[in-house]
Amino acid sequence: MSVRVEKVDLPGIGTRHDVITKKGRRIGVVSHRSGERELALFGVEDPDEAIDSIALTDDEAAALADVLGASLMLGQLAGIREQAAGLFTEQLLISAGSPYAGEVLGATKARTRTHTSIVAIVRGADVIPSPTPDSPLQAGDTIIAVGTRPGLDALARVLTDG
Amino acid sequence: MHDAALLLIEVGAVLLGLSLLSRFADKIGISAIPLYLIAGLAFGVGGFAPLDAGNEFFRFGSELGVILLLAMLGLEYSPTELITSLKRSRLAGILDAVLNALPGAACALILGWGPIAAVALAGITWVSSSGVIAKVLRDLRRLGNRETPTILSILVIEDLAMAFYLPVLSALVIGAGFLAGATALVVAVLVVVVILYVALRHGKVISRLFAAHHPESLLLGVLGLTMLVAGVAQQVNVSAAVGAFLVGIALSGRVAHNSQQLLAPLRDLFAAVFFVFFGLSTEPASILPVLLPAAILAVVTIATKTLTGYRAAAAAGIGIPGRWRTGFALTPRGEFSIVIAGLAAGSGIEPRLAPLATAYVLLTVVAGPLLARMTDTAWFRRLLAARGTRAATIAQSVDGH
């Protein structure tokens, strides 16, 4: 069960991540570079138009993520972000098309290639904290990584394109 | 009265007035730029209350306003975003340039203003206002929309294209001829490529000159570097504005982010001064004779801009309502058109250019956001839906036969 997640750059503003549900509905998260976040809901008649958008503070976004079943760990990681400027945490999805779906974590060589640290793998309701290089990766897994902005962007490319 | 006292009174009164205008513009949901221009017209040569002591302040302030507008634009985009947009929306950018610059050039030639004015007017009609459009997208809560990246990419390309266009225009307006224009273009291309390369590969080196967490030194340092580079660029005829833009691009990371916040209030102040000064130096009476060409040009280039956006969105796989939203959102012209007009008017190539640009910007900057809102109205949606069903019926009947 892989979920389609699209990432789009918004030059001058930030990025937008879209999750597309099985029934074809689209939910977007606009991450402003200034740190603000917006949750955008897309219409049925016009799939390109955000029919409503809700601005979220850091805490509200974290709360929403918690409610949606993401691990408690994210809340703790949010603390790291405040302590170390320039360091970010990000969730990255292993799509079915990823060359590393079915491989072990070590195969990505993420640490040497992108200088990011993969701190956990979320699989369904399970969380694998501090995964080792031989931890397996599956399509649909979410990776939680800590790193600099360019590092995380590089990691996202590595995970999709190899 | 003492000169300094008079200066303070005049500038103070104008700024106070602008603050009210800006608040009013916000209240009725439009950009403050047209109101600033009108205020400038009212206080300028031939206006109802000409300024006198404040003129020097407004002259220098407006130079600084242009530099800050461009520097902030450069800070806003990361080198990666510039490169990605360039790769992804190159075709849309070319279409945009051709469709929107040609009407301007044609208009200047028809009016018999000569080739240099044609180059200037081409730029005026080509470039959309990133500032106004970003505000419209925010106000209409469209940042999440799927067509928004297309809109932003076109704006990025236009802004980057200015780095090549402005040096050429600067060389042309000082009467250096087309050969000097070509040289300026080559120099600009080389400089931009080098700056982009350095910013991409060694962005940290330049940013390391500044302490990101020391606001005072960061503000002075970035402002100083921007003015210094702008001045040097001006000296070698590559246009001060482009120098400032490149400084903005060269800075990255936290330094860029923090200086953006520090420079924003300065930009707001001096950009307002710039628009007022432009209005100040335009005689209100000179607008009337060019009102008709300006209106025709506005109608034509709003149509061509809408077509540009429509096609770009279609190429990006956006549905029909989204294509119209893209097209209309791109129609306002603003700060850049005035920057170009200011550059051309300053050298006196054509006295009617500045009034025409003023009227043109006033028209598009007011009509554009209204058009952008129109796509959200019920009747426009009904219109599209009706067209959609009709098209479907036609397609069906064609299939049937």
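Glycine is no exception: its Cβ is also placed from the backbone N, Cα and C atoms.
Per TrEMBL, the stretch carrying the note transmembrane segment among B:54-74, B:117-137 is B:117-137. If one looks beyond the transmembrane segment (B:240-257) by at least 6 residues along the same chain, the residues whose Cβ comes under 8 Å of a Cβ in the stretch are 63, 66-79, 82, 159, 162-163, 166-167, 188, 191-192, 195-196, 198-199, 203-204, 206-207, 210, 212-213, 218, 222, 225-227, 229-234, 339, 343. Among the recorded stretches B:117-137, B:172-198, B:218-234, B:269-302, B:353-372, the one sharing the largest number of Cβ pairs closer than 8 Å with the transmembrane segment (B:6-25) is B:269-302. If you count C-beta pairs under 8 angstroms between the transmembrane segment (B:149-166) and each of B:117-137, B:172-198, B:218-234, B:269-302, B:353-372, the highest count goes to B:117-137. When Cβ-Cβ distances below 8 Å are used as the criterion, the transmembrane segment (B:117-137) is approached by residues 31, 33, 69, 73, 96-97, 100-109, 143, 148, 151, 154-155, 158-159, 161-162, 165, 168-169, 172-173, 297, 301, 305, 329-337, 340-341, 343-344, 349-350, 353, 356-357, 360-361, 365, 368-369, 372 of the same chain, each at least six residues removed from its ends. Beyond the ends of the transmembrane segment (B:172-198), by six or more residues, the same chain brings 79, 82-83, 116, 119-120, 160, 163-164, 166, 205-206, 236-238, 242, 246, 249-250, 343-344, 346-347, 349 to within a C-beta distance below 8 angstroms of the stretch.
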